[in-house]
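Enquirer: Per Swiss-Prot, the features are:
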- H117: active site, pros-phosphohistidine intermediate (ACT_SITE)
- K11, F59, R87, T93, R104, N114: ATP binding site (BINDING)
Amino acid sequence: MAIERTFSMIKPDATKRNLTGAITKMLEDAGLRVVASKRVWMSRREAEGFYAVHKDRPFFGELVEGMTSGPTVVQVLEGEGAILKNREIMGATNPANAAEGTIRKVHALSIGENSVHGSDAPETAAQEIKYWFSDTEIVG
């Protein structure tokens with residue numbers, strides 16, 4: 001497998017519960033390396049822009065409200081097969097369906113407060129990384 005980069009987000013429901021370190025440790029223990037990280041408080045405009053792909057979905061308003069309710073940690077992760085590896089360690093979107101030992105099984109409160117987001121493909125990883133980081137902020 002090739003070394004690749006992916007985007008990872010620790011959502012407000014997790015940062016409010018002081019889980020940033022625990023979640024980052026799970027990612028690093030899975031073999032991923034943090035090459036960029038910053039804590040942001042998303043504006044409504046940023047949340048709507050980042051999640052624009054979901055704008056016509058019934059949960060969009062609730063998603064934007066949740067993402068603007070507290071600080072978020074946005075990160076770029078690097079490693080062999082980073083996109084798939086991150087998806088695996090995050091677990092299923094619905095924590096009730098997530099595998100034991102995954103971030104969502106361990107830390108998520110509900111499907112709406114599922115603690116993390118991660119890119120699902122190389123194209124979305126590139127877009128999501130570019131949304132939050134300049135090239136000079138990524139130090140690998």
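Using N, Cα and C of the backbone, Cβ positions are placed for all residues, glycine too.
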Enquirer: Using other CB atoms within 10 angstroms as the count, which residue among the recorded positions R87, R104, H117 scores least?
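Expert: Checked R87, R104, H117; of these recorded positions, fewest Cβ neighbours within 10 Å: R87.
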Enquirer: Among all chains shown, work out which of the binding-site residues T93, N114 has the most CB atoms within 10 A of its CB.
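Expert: It comes out as N114.
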Enquirer: Based on Cβ atoms within 10 Å, give me the single least packed residue among the binding-site residues K11, F59.
Expert: F59
Enquirer: By the DSSP assignment reduced to helix, strand and coil, which category contains F59 (ATP binding site)?
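Expert: DSSP call for F59 (ATP binding site): coil, neither helix nor strand.
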Enquirer: In the three-state scheme derived from DSSP, which category covers the residue listed as 'active site, pros-phosphohistidine intermediate'?
Expert: strand
Enquirer: Fill in the CA-CA distance, R87 (ATP binding site) to H117 (active site, pros-phosphohistidine intermediate), as an integer in Å.
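Expert: About 9 Å separate the Cα atoms of these two residues.
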Enquirer: When you look at K11, F59, R87, T93, R104, N114, which the record names as binding ATP, what is the longest CA to CA distance in angstrom?
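Expert: Across K11, F59, R87, T93, R104, N114, the two farthest Cα atoms sit 21 Å apart.
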Enquirer: Can you see whether DSSP assigns T93 (ATP binding site) to helix, strand or coil?
Expert: coil
Enquirer: Distance check, please: Cα of T93 (ATP binding site) against Cα of H117 (active site, pros-phosphohistidine intermediate), rounded to an integer number of angstrom.
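Expert: That comes out at 9 Å between the alpha carbons.
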Enquirer: Quick check for the class: what is the C-alpha distance, in angstrom and rounded, between R104 (ATP binding site) and H117 (active site, pros-phosphohistidine intermediate)?
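Expert: With the alpha carbons as reference points, the distance is 10 Å.
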Enquirer: Measuring Cα to Cα, tell me the gap between the residue listed as 'active site, pros-phosphohistidine intermediate' and K11 (ATP binding site) in whole angstrom.
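Expert: Spelling it out, the Cα of the residue listed as 'active site, pros-phosphohistidine intermediate' and the Cα of K11 (ATP binding site) are 7 Å apart.
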Enquirer: According to DSSP, which of helix, strand or coil covers R104 (ATP binding site)?
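Expert: SS state of R104 (ATP binding site) = helix.
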